[in-house]
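So that you can see what the record holds, here are the features copied from TrEMBL:
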type: DOMAIN; residues: 89-340; note: domain 'Nucleoside phosphorylase'
type: BINDING; residues: 129, 173, 174, 175, 176; note: phosphate binding site
type: BINDING; residues: 253, 255; note: substrate binding site
type: REGION; residues: 350-386; note: region 'Disordered'
type: COMPBIAS; residues: 350-362; note: compositional bias 'Acidic residues'
Ligand code: R2B
Ligand code: URA
């Protein structure tokens, strides 16, 4: 009789070996590249002189130093190119705990976990507002709730990318949302963000004058992230759709359970049904500012949120905490797979080779996917299976 525990263990080991092999392959490719550059004569002026970001404040160069107040960083005491120059992904989510757990999860997923005791430092601790962790080429930051909060963080993160001379960083927001006609637990990737009037623009008042910035998101990136969904192992759907971004959780989202409510159940139903007719799939509170600010800077970006209820069925969130914690991991698992794929299995990168099929029963993407991710309620750095 084959011992099922033993074969499970062998299978897990084989998968770990596959992942390790991919990481080692990628690292040895990077090493070869460096050696080649050395042989070719490494000239200092080959390093990028500027970041790839566009349209930034021309006065930034006059700020010496530039103080990023809410991150607790400044360009005098921190060498931005040295500390942040390698950043390729910036992941943002609501709470410090969720982003810290995500950082530990990523560390494991992208093969950077040196040992179990590795501790990550909160790089934004000095600002006492946000939390920020760096895992190799990935920055993970908490953004709080609502557009005003995420806007402040984005201004300072975009300046961070600029000062560090980062090349083509991709920004991804992961979070929760209310679904519109979608099953709770579904992951929604936003095609665009719209306001309460379904206008696809983030409106801000600048010196008392209304200014609107387009809030389109990168369609290609949304598709790439969606393609990391594995319908065979994932117990949920991943869809792409329009996202309504509101200024408030209660009246702004037509809830009937806020401290104040001056409309009827009928009016709420009519509004939510109209949203559904207009292909709105979810409601959250940061996507407008996130989409507008990233696209102004020429940054590719995506919003990936799990629906924790279907708003057509109610307002209150009654799902048990443990279930919510599992659902919250879904965007994290998907985004971690996407990052790993780009880092180690990018077909467009002539220097990287995918793993040979016969060596692995499942691709590492699939392997890790089924193991779940980190959630807000989970203690770092453990990873719990869904
Ligand atoms: C989703 O969840 C939060 C409100 O509960 C808010 O930050 C958002 O966008
Ligand atoms: N986040 C929101 O903004 N709305 C919801 O209904 C759930 C999560």
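Cβ atoms are placed via backbone N, Cα and C, with glycine included.
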Largest C-alpha distance in Å for the phosphate site residues 129, 173, 174, 175, 176, as a whole number, is 20
Do any of the binding-site residues 129, 173, 176, 255 touch ligand 2, in the sense that the CB is under 6 Å from one of its atoms? 176
Across all protein chains shown, the binding-site residues 129, 173, 176, 255 give the max Cβ-within-10 Å count at 173
Any of the binding-site residues 173, 174, 175, 176 with a C-beta atom under 6 A from ligand 1? Give them in order, or none. 175, 176
Across the whole of the domain 'Nucleoside phosphorylase' (89-340), what does the mean pLDDT come to? Round it, please. 97
All chains considered, the count of other Cβ atoms within 10 Å of the Cβ of residue 174 (phosphate binding site) is 28
Neighbouring C-beta atoms (10 Å sphere around the C-beta of residue 175 (phosphate binding site)): 24
Roughly how many Å separate the Cα of residue 175 (phosphate binding site) from that of residue 255 (substrate binding site), to the nearest whole number? 20
Does residue 253 (substrate binding site) have same-chain partners at least 6 apart in sequence with Cβ under 8 Å from its own Cβ, and which are they? 178, 246, 283, 311
If you measure residue 255 (substrate binding site) to residue 173 (phosphate binding site) at Cα, how many Å is it? 24
